[in-house]
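Asker: Structure below; questions to follow.
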Amino acid sequence: MERREEDEDTKAIAQSEDQEEQDYDDEEKREDDDDDDDDEEEEEEGAAADKRDDEDKDVSDKDAAEVKEKKKKIKNVFQDRKCVPGIIYLGHIPPRFRPKHLRNLLSVYGEIGRIFLQPEDRQVRKRKKKAGLRRCDFTEGWVEFRDKRVAKKVAASLHNTPMGTRKRQRFSSDLWCMKYLHRFQWIHLSERLAYEQTVLNQRLRTEVSQAKRETNFYLNNVEKSAHLDKLRKKRQRDGEQVEEKTWDFTQRQTEEEIQMKKKKKDSVSQKHLDKARLMEQKSQSNVSLLAKIFNSKPSQ
């Protein structure tokens, strides 16, 4: 009986050990399956991440390409766009100031194109020549910058500032007098200069024609007077009476004569005033007498 019980106990223990081993194997299989599933999920997630990275790279490459294309377009636009020139007007030009000085002073701020300085009037130059000065000064000027934005900045920053940057520098005591000419082109200046030149030429032509007419009139009168003198001498030789013509003309009054006339008029007017005062006094005296006569009471 005891052996049977021991055998039964050993069988039960063996069965329990087998059961435990089987359970352990099942658990290991489950863990392996779970690990396989996790590995598969990780692989799927890695593939998805790689796909996302590839997509992001593609998008970033596309954006970079678009940005590059935009930059190229902007550069092409700026290259194709021509720089519109701007013109600055100079209202004051100091003595001994020349275009080369102007170019040297303003070329620091930007590229300069054409420069024009208006010379002085001819009469002023003639006076200077008589006084012994042979130099030609300028009264106003125009400067053309290649870019109008630079011209605007230069006119706004340099207006009413000294021309020289140092005290001992030339033209340091003079101030810039600048103004940017909005929508002004060099053609307008050339048209204006051409108009002034045509006006000057027309004036010169009229003066020359007037001088020619005066000289021709004088020469014709000289010829007529010489011909009349010859006729008069011939008639005198023949014994005929010659009637001398007299010219009736009125001389223009001088300033002294005009002043004398004014004084005479003033004296005449003064005489008239004195007469009027005397008449007033007499009339007043007569009025007082008549008043005394008619206002006197009748005698009783």
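Each Cβ is built from the backbone N, Cα and C atoms, and glycine gets one as well.
Just so you know, TrEMBL annotations are computer predictions that nobody has curated.
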Asker: If I go by TrEMBL, the feature region 'Disordered' sits on one of 220-252, 253-285. Which?
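Answerer: Of 220-252, 253-285, TrEMBL gives region 'Disordered' for 253-285.
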Asker: Provide the three-state DSSP residue tally for the compositional bias 'Basic and acidic residues' (253-280): helix first, then strand, then coil.
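Answerer: Residue counts in helix, strand and coil order: 26 helix, 0 strand, 2 coil.
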